[in-house]
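The structure under discussion appears below in the form of structure tokens.
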Amino acid sequence: MKELEERILRDGNVLGGEVLKVDNFLNHQIDPKLMQSIGNEFAKHYANKGITRIVTIESSGIAPAVFAGLALGVPVVFARKQKSLTLTDDLYSTDVYSFTKKSTSTIVISKKFLEKTDRILLIDDFLANGQAAKGLIKICQEAQATVVGVGIVIEKSFQVGRQLLEEENYEVYSLARIRAFEEGQVKFVEE
Ligand code: G4P
């Protein structure tokens, strides 16, 4: 998505060789117009796929997911991260390890917001090592819902996330695919 790639080049900062800081428009301050274009792009790609619900994870997945939900006319559920979990029967939960943040969080979704008839579109801001997406897939499987696709705003294609998801036959649609960071410069995958 050209508009997004241009914004990454303009406002993104490469930190420590592997992390792209995009807090100017996605991870802290949010640009609603850009998020709307992002939502529309996901909706265009997943139109006619019978999506009934979008699932994302707090916090930075919520903005693009909500705009996609608006464009597709479906509800958006976000997994909550819980530090200490008092087990309750009405929650699906799983542990997600973040290689980037070097910490594990327990993510939960209330059972009342996932149905086995659901056709789910997963959305997240970044795809890096794929652990967040895998955790969300696990929860959807527990609910016996169908995951139709994984929509990603920014994919770091040099990390294993896409490969892990494709190995399990999930379709990944990323709006910006980063091939590498070269001397602090973002290089996109040429398609
Ligand atoms: P994964 O997202 O594919 O599971 O990979 P990983 O475990 O490596 O990363 C987990 C967290 O790190 C996620 O945030 C993800 O958005 C973030 N992340 C990964 N790479 C980058 C990057 O290059 N830039 C930025 N800004 N974030 C990155 P999270 O823990 O879900 O937190 P939140 O920011 O959504 O609240």
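Any Cβ shown, glycine's included, is placed from N, Cα and C.
What TrEMBL says about a protein is an automatic prediction, not a curated fact.
Per TrEMBL, xanthine is bound by Leu20, Asn27; the candidate from Lys138, Lys156 named for the same site is Lys156. DSSP assigns Asn27 (xanthine binding site) to coil in the three-state reduction, placing it in neither a helix nor a strand. Across the domain 'Phosphoribosyltransferase' (42-157), DSSP assigns 31 helix, 48 strand, 37 coil. Note: the 5-phospho-alpha-D-ribose 1-diphosphate site is recorded as Ala128, Asn129, Gly130, Gln131, Ala132; in the same chain, Val96, Ser98, Phe99, Thr100, Leu127, Ala133, Lys134, Gln159, Val160, Gly161, Leu164 also have Cβ atoms within 8 Å of that site's Cβ centroid.
Asn129 (5-phospho-alpha-D-ribose 1-diphosphate binding site) has its Cα within 10 Å of the Cα of these binding-site residues: Lys156, taken from Leu20, Asn27, Lys156.
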